[in-house]
Amino acid sequence: MTDSFYRRALSFTNARLWQLVHVDVLLMGSLLLLISGGLFILYSASGQDVAMVERQVFRLIIGLLICVALAQLPPKYMRRASPTLFIFITVLLIGVLLFGVGAKGAQRWLALPGGLRFQPSEIMKIVMPMMIAWYFSDRQLPPSFKQILAVLGLIVLPVLMIAKQPDLGTALLVAVSGIFVLFLAGLGWRYILGAAALAPIAGYALWQFMHDYQRQRVLTFLNPESDPLGSGWNIIQSKTAIGSGGLYGKGFLEGTQAQLDFLPESHTDFIIAVLAEEFGMLGCGVLILAYLLVIARGLYIAANAEDNYARLLAGSLTLTFFVYMFVNIGMVSGILPVVGVPLPLVSYGGTSIITIMATFGILMSIQTHKRAR
Amino acid sequence: MSRRHQNFRNYRQEQRLTQQRVLAAAVFVLLMAVVLMARLFYLQVIEHELYQTKANDNRVMLVTEPPPRGLIYDRNGLVLADNRPIHSLTVIPERVESFPKLKQMLSGIIDISDSEWEDFDDRRKEYRRPYQSLTLKSQLTDEEWAKVSVDLYKLDGVQVEAQLTRYYPYGEAFAHAVGYVGRITTKDLETVDKLAYQGALFIGKTGVEGFYEKTLFGEAGLSKVEVNARGRIMSELERQNPTPGKDLHLYLDARLQQYAYDLLGEYTGSVVAIDPTTGGILALVSKPGYDPNLFVRGISVDDYATLRQSKKLPLFNRALRGGYPPASTIKPFMGLAGLEYGFSSWTERYFAKGYYQINPDGRRYRDWKRTGHGWINLERSIIESVDTYYYQLANKMGITPIHNFLTRFGFGQTTLLDLSGESHGLLPSNEWKKAKYKEPWYPGDSVNVGIGQGFMVATPLQIAAATSALASKGHYFYPRMTRLVGDHPAEFEDGLGDEHDIVLKDQRNWDRMIDAMRKVITDAHGTARRLQGTDYEIAGKTGTGQVFSLQEDQEYDADSLEKRLHDHALFIGFAPARNPKISVFAIFENGGSSSKPADLTKALFDAYLHDDYPARYDYLKGDKND
């Protein structure tokens with residue numbers, strides 16, 4: 001059904017031309033829809049700071065260029081490069097732990113000459129599913145128990161290093177992107193159920209591993225009222241912003257929580273609360289719909305990809321993108337702890353825009369390099 | 001295509017497996033999206049009202065704006081209580097990274113006492129709106145202000161704020177009349193609107209400042225403002241402007257007040273001057289006074305202890321609360337009482353020995369003149385202040401007529417309209433003695449009261465008010481401090497401010513008594529003949545009170561024993577005698593001879609009636625344009 005819908009939609013465009021430049025029109029279209037909506041919210045969330053919106057546009061353009069550039073690279077090259085990239089980035093992660101620079105007690109960046117900074121963990125979000133997909137590309141699916149263990153081993157090492165920086169949000173996302181490949185490769189349901197049963201124990205282990213501020217976030221999540229002026233402030237204010245928006249919102253630039261700075265991080269992690277306050281549940285519904293459009297196209301590309309590597313990679317990247325969105329909206333609306341995950345393509349700044357646009361470049365490459373049937 | 005090719009690989013099946021998983025994932029994505037929408041529905045629809053209220057509570061704040069306090073002027077338009085801008089060091093705790101560090105940095109710049117820090121820490125820990133500033137040290141000196149300002153950029157969260165404070169330019173001579181404002185205590189807040197006083201720094205405590213608190217305070221402005229998360233006001237939603245407190249224009253004459261205070265010299269004592277035509281208080285002096293400015297922002301423990309422990313009782317308002325025997329100054333009133341009830345007449349003659357006895361063998365009540373005055377009449381008993389005349393008169397009358405008559409002049413009651421804390425003195429009666437001592441009233445008790453001693457106690461204000469009533473021939477005004485409130489004449493509750501007449505059976509007795517009091521000065525034997533030589537007529541009466549120490553004053557000090565045994569010296573007077581514009585009561589505690597208060601009174605008359613003060617009082621002249 002979706003297939004025919006996209007086919008019909010495609011017929012309205014010059015399919016061959018786009019094929020030639022390796023741009024998937026539907027994916028690009030949904031992305032642009034999402035991006036422009038995001039800029040609109042950012043204008044309000046930044047306190048009508050045009051300069052900030054301009055910087056965001058600049059970043060998005062860079063992202064789009066990288067996206068289109070990556071789309072030119074056939075998937076087979078990516079596959080071949082996967083293990084090398086994985087090892088390289090893992091080495092860089094070790095480098096971060098040893099020589100990294102950072103801020104606020106976290107050590108996430110490698111300083112490059114020329115004052116540039118580089119965050120290997122961000123790239124790991126792409127390289128991890130590439131590595132696992134590569135691992136399964138010449139193995140028969142579904143994976144055996146031994147293979148599962150091997151894959152888990154591959155996942156755990158970099159994830160632990162990222163968690164140690166400490167950057168729990170990214171660590172979880174990297175882990176999830178690897179596990180998604182495992183899931184798409186046909187991981188037995190009994191393993192999935194078993195893992196679900198083991199989750200509490202894992203949770204306890206994770207607790208032991210956490211830094212104090214991370215534990216504090218979890219505690220605050222469980223009971224934000226316990227510290228209304230301290231660590232609970234963010235979540236109380238974001239819930240207030242969302243709830244006070246109601247069904248239709250207070251109107252563009254009319255959100256008191258956002259415009260009077262009660263909402264912290266309103267242009268970065270908590271930007272969805274601005275949308276929710278000013279455009280209500282209706283606005284949020286439209287935004288989530290835009291995300292679902294992108295995700296639907298991503299999953300379509302995955303389902304119709306040429307080989308296992310492409311399928312697994314495309315599926316995992318799309319699902320990770322979804323997790324981004326879900327975790328962000330979940331934390332801002334108070335159903336998940338505050339882990340510092342931005343709303344993809346909408347939150348201001350960060351390296352994440354570049355990585356995410358690179359992700360979609362890979363998806364476009366997978367979609368547009370198929371041999372004609 | 002793979003190096004480790006497996007024979008039985010079914011690519012088709014593997015593709016289907018992955019596709020199934022993608023489908024499962026799609027279902028999962030949809031489900032989770034529904035979860036998010038459900039969460040949003042819960043917050044935005046079901047709990048919408050709760051969060052809407054929270055958002056409004058966040059952004060809307062009630063801010064009270066303290067109104068500028070009304071000023072207090074003397075009769076010539078001189079400002080006795082002023083508002084002055086001061087600078088205070090305030091801190092926004094949220095902006096301070098580390099308090100120990102801040103403490104250390106500030107200690108290198110200005111002195112902040114431990115108690116100031118403790119006070120600040122206490123208030124910091126109370127619940128308060130975030131990002132509101134708290135005062136750390138108030139009333140910076142110019143030097144401190146300059147020092148802090150230089151380093152302000154280094155001190156995150158610290159700022160210097162300007163506020164209005166109360167200032168009393170003329171200090172201690174006026175403290176007991178004008179009063180002072182002080183730090184608002186929890187007890188104060190029980191009697192006023194807490195919201196209105198939210199931004200206020202002080203509240204009227206004593207004197208006119210205390211009595212007219214409501215009038216002087218005005219009405220606090222109230223504005224509903226929209227604030228941001230840092231407490232900064234973004235916009236004003238609703239506003240009610242503060243109504244400034246009303247100014248008070250007193251009857252007080254600053255030069256007269258200061259002059260009287262200075263004329264008391266080293267003595268403790270009191271002077272009260274009243275305008276008999278209005279009842280307006282021209283001077284209300286209690287010496288020693290104190291610097292009222294000490295109290296404005298809360299007096300320090302040390303300063304307060306010094307004032308409390310001073311043997312001269314500077315905090316004690318002698319004019320309103322000092323209980324003195326009126327002594328011979330009561331004689332004109334006692335003489336009028338005798339006339340009123342037919343116990344004496346102007347013509348009846350009396351032989352005054354050096355003493356008086358109720359019974360031939362009884363106790364001898366001595367006259368101040370051991371040799372006696374010989375044949376005298378009522379007039380001469382005033383001129384020469386004949387004690388024996390009043391012993392016998394009081395004995396004849398008994399206490400009840402005395403009590404009734406003196407009551408009409410305000411003795412034994414509080415009469416002051418607009419100052420609180422006045423004591424009602426003691427005008428004894430049968431009932432009083434029975435209740436207090438469970439004893440009957442003895443004739444000897446009356447004898448003592450006849451010369452204003454014994455049980456009788458009056459405050460300087462009472463004696464001054466009675467003198468003023470006598471001066472105006474019974475046209476009685478309740479004494480009052482305030483002439484104008486804002487632009488309107490001061491009004492008092494229940495018609496208390498109304499004047500009324502004390503009507504004697506024979507109204508001519510007023511003139512006769514005033515005449516007798518005039519002769520106290522003009523007669524060759526008058527007890528105040530030293531006041532002769534003025535170009536206007538003075539009527540007066542001297543008094544010398546046997547020492548009764550002040551009620552509150554219980555300390556007994558051997559070194560000062562001698563001086564403390566000296567008599568209190570009193571004088572009442574008014575001038576010009578036939579058309580009085582000013583009446584005065586003055587007392588020098590342990591002053592010995594009544595010449596001191598008499599001289600003081602004359603000096604005040606000279607200055608007041610001729611508007612001729614020593615040049616050193618020019619700074620208190622005022623601009624007279626009120």
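Placed from the backbone N, Cα and C atoms, the Cβ positions cover glycine too.
Positions annotated as transmembrane segment by TrEMBL: A:21-45 (among others). For the transmembrane segment (A:21-45), the residues of the chain that approach it from at least six positions outside its boundaries are 6, 9-10, 13, 15, 52-53, 56-57, 60, 68, 71-72, 252-253, 255, 258-259, 266-267, 271, 274-275, 278, 286-287, 290-291, 293-294, 297-298, 301, 343, 345-348, 360, 363-365, 367-369, judged by C-beta separation under 8 angstroms.
What TrEMBL lists as transmembrane segment is A:57-73 (among others). Residues 21-24, 35, 39, 345, 349, 353-354, 356-358, 360-362, 364-365, 368 of the same chain sit 6 or more residues outside the transmembrane segment (A:57-73) yet have a Cβ under 8 Å from a Cβ within it.
Feature annotation from TrEMBL assigns transmembrane segment to A:85-106 (among others).
Packing against the transmembrane segment (A:118-137) from elsewhere in the chain are residues 78-79, 82-83, 85-86, 89, 92-93, 95-96, 108-112, 143, 147, 150-151, 154-155, 158, 162, 165, 167, 170-171, 173-174, 177-178, 180-182, 185, 307-310, 312-313, 316-317, 320, 351-352, 354-355, 358-359, 362: each is 6 or more residues past its ends and has a CB under 8 Å from a CB in it. Here TrEMBL flags A:118-137 (among others) as transmembrane segment.
The feature transmembrane segment is assigned by TrEMBL to A:144-162 (among others). Counting same-chain residues at least six beyond the ends of the transmembrane segment (A:144-162), those with a Cβ under 8 angstroms from any Cβ of the stretch are 86, 89-90, 93-94, 96-97, 121, 124, 128, 131-132, 135-136, 170-171, 174-175, 178-179, 181-182, 187, 191.
The transmembrane segment annotation in TrEMBL covers A:168-185 (among others).
The transmembrane segment feature in TrEMBL is assigned to A:192-210 (among others).
Outside the transmembrane segment (A:279-300) by six or more residues, the chain places 2-3, 6, 24, 26-27, 30-31, 33-34, 37, 245-250, 252, 272, 314-315, 317-319, 321-322, 325, 329, 346, 360, 363 with a CB less than 8 A from a CB of the stretch. Among the features that TrEMBL reports, transmembrane segment is placed at A:279-300 (among others).
The transmembrane segment feature in TrEMBL is assigned to A:312-339 (among others).
Here TrEMBL flags A:345-366 (among others) as transmembrane segment.
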Seminar exercise, completed: With the cut-off at Cβ under 8 Å and a gap of six or more residues from its ends, the chain residues touching the transmembrane segment (A:312-339) are 75, 78, 125-126, 129-130, 132-133, 136-137, 168-169, 172-173, 176-178, 180-181, 184-185, 217-218, 220-221, 224, 234-235, 238-239, 242, 269-270, 272-273, 276, 284, 288, 291, 294-295, 298-299, 301-303, 305, 347, 352, 356, 359, 362-363, 366
Problem set entry | Non-local residues, at least 6 beyond the ends, that sit with Cβ under 8 Å of the transmembrane segment (A:192-210) | 163, 168, 183, 218
